[in-house]
Amino acid sequence: MRLPESQVAVLNAASATDEQTIDSLADETGLKPETVTQAAFELRDEGYVAVSEEERVEYDLTDEGREYVEDGLPEVRLYRAAVEAGATEDAVGMGQVIGASGLGGPEVDIALANFGRKGYGQIESGQLSADADADAEDDPESVVLTALEAGEAVVDEGVLEQLVSRNLVERHEQTVRSVTLTEAGVTLLMEGVEAAETVDRLTPEMLTSGEWEDVEFTEYNVEADAPEVNGGKTHILRQTADRVKDVLVGMGFQEMEGPHADADFWINDCLFMPQDHPARTHWDRFALDVPPIEDVPEDLVDRVEDAHRNGVGDDGDGYHSPWSEDFARAIALRGHTTSLSMRYLSGHEVGDLEPPQRYFSVEKVYRNDTLDPTHLLEFYQIEGWVMAEDLSVRDLMGTFEEFYAQFGITDIQFKPHYNPYTEPSFELFGRHPETGELIEIGNSGMFRDEVLEPLGVECDVMAWGLALERLLMLMYGFDDIRDVHGTMSDIELLRETEVLR
Ligand code: PHE
C-alpha cells in the first residue's frame, strides 16, 4: 500500500501511543500542525484513524503576571513590609511602609487596592495596620500564578477569573484534536505501507518522463479555511456610470467629451445665464487663476452677447444688464456638464448638426456646496439632449421613463421648475427605497430660443442633467452619499455591493 509521505508519518507516530494530539504528532513527525491535521483527516476518511475533538481552555500568564511570579504580588510585598515595620501591633505611617516595600509607580495603587480586598489589613487616615493572622505567604493568587508558570493544571476557577480580571492571566479556548489508530489502521501498518512522494503540481517533465504514474497527488481540500482576499474591483459608481452609458447608447445617443475647467462662456453665457446671476458669483463657482480662454468663435460670442442685451425674435427682450467678454472668457471648474451640450450644439465640436440628434455625457461636475448626506463638492451628471423637429414635454417625460425603467425605477415624478435656459422646465423626483422620501434626481427642460438662436439651432432641443449619485441611492438604498465616494467612503459597503444587472 502506498500513501502520501505525511500520512505515513502520522500513522507511524500515532501508533506509538494510544492517543496523540495534533501538536504532539507535529513534534514527533517534524511536520507543521496544519499538515498533520490535513493528513489526519485524510486518514480518517479512509478509515485508518479516528479523530476526536475537545474544547480546551488554557490560561497563559501575561507579562505583568510573569513579573509578579518573579517579584511577588504587590499586595504581598506590601504586607511583608508592613509586618516588618511592626504594623501587626500598631498602625504605621503608610508612606513609611510603601517606602520600605520598594513598590513604585502604578504598583502602589495595585498593592493598596488588593491589600484591602484580601483583608491583609486596614488603611485609615494615612495609617496602615496589618492583620497578624493573614496568610499572605500562601496567597491563593500567587499560588495559581506560580503553578501556571510551571505548566501545572489549575482547577480553581474563581481564582483564575480573578487573575483574568486583573489582567495577569489570559484565557484561550482551543480545539484539541486527538488521533487514534483504528483496527484498519493497525492492520495497515502490520501489512506495511510505503510512503509515496506527494506533489501538488503536475509538470511537463513528469508527463514526458512518465513519473506522473508513480507520484501521489495531494488532494484538494475545497473546504479548507482560506484567508479572505479582497481583490481590486471597479467602483460601484463607475460600474453604474458604465451601465448608464450602455443604456443611453442603446437608446441611440452618442457621447460628448470636453474640458472640466472651461470658460464661463460655455458654462453660463451660452445658457442665457445673466452675468449678474447669483450662481455666477465667486460663492458658488470654483474659479481658476489661469489665463482666459482664447479659442471661442467670435461670431458666436457676438450673437450670445446680443441675445443677452437685446433678446431674440421680433418681440424678444434681453436682460439689458452689463455683459463683458472678459467675464465670459474666465475659466472655472464646470458646475454642470451643460457646457458640453453648448459646445456640441454650437457646432464647435463636431461641426453643424442636422436633426435628429441625440447626445449624452456621464461626467464630473464641481459645486461649492456644503457637504451633507445628499451633496458632494464633486459629483457626476448624466447630461443629455435630443434635437428634433416638434418635440414636446411628452417626449421629455417619455425619455426619462424609458431611461429610469432600465434601472428598475418606475415612479418618477415631475415638478415644474425654473431655469434661465429652458422653458418649460421640470425637476425630477424619485422615491428612496428605504426612507420613502422623495429625492430630487434631476433637472430638465426645452431649451429657449434665447439659447438656441445664437447657437444656430433651428429646431427643438430637449435637455437634462441627472445626478448619477442620486440614481445610485435609489438603486441601492444608500442613505448617505459620502459612504459611496470621497474620503469618508465605507470600504465594507463598497466591497459588498454588487452592481445590479
Ligand atoms: N444644468 C442643469 C443642472 O445642472 C440641468 C439641465 C440641463 C437642465 C439641461 C435643463 C437642461 O441642474
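Cβ atoms are placed via backbone N, Cα and C, with glycine included.
Together with Thr338, Gln381, Ile382, Glu383, Phe447, TrEMBL lists one candidate of Tyr319, Tyr404, Tyr421 for binding L-phenylalanine, that being Tyr421. Only Thr338, of the binding-site residues Thr338, Ile382, Glu423, Phe447, place a Cβ under 6 Å from an atom of ligand 1. Non-local contacts of Glu423 (Mg(2+) binding site) by the CB criterion (under 8 A, 6+ apart in sequence, same chain) comprise Gly445, Met446, Arg448.
Neighbours of Tyr421 (L-phenylalanine binding site), defined as other CB atoms within 10 A of its CB across all chains, total 21.
For the recorded site, Thr338 (L-phenylalanine binding site), the DSSP three-state label reads helix.
Note on the binding-site residues Glu383, Phe447: the fewest other CB atoms within 10 A surround the CB of Glu383.
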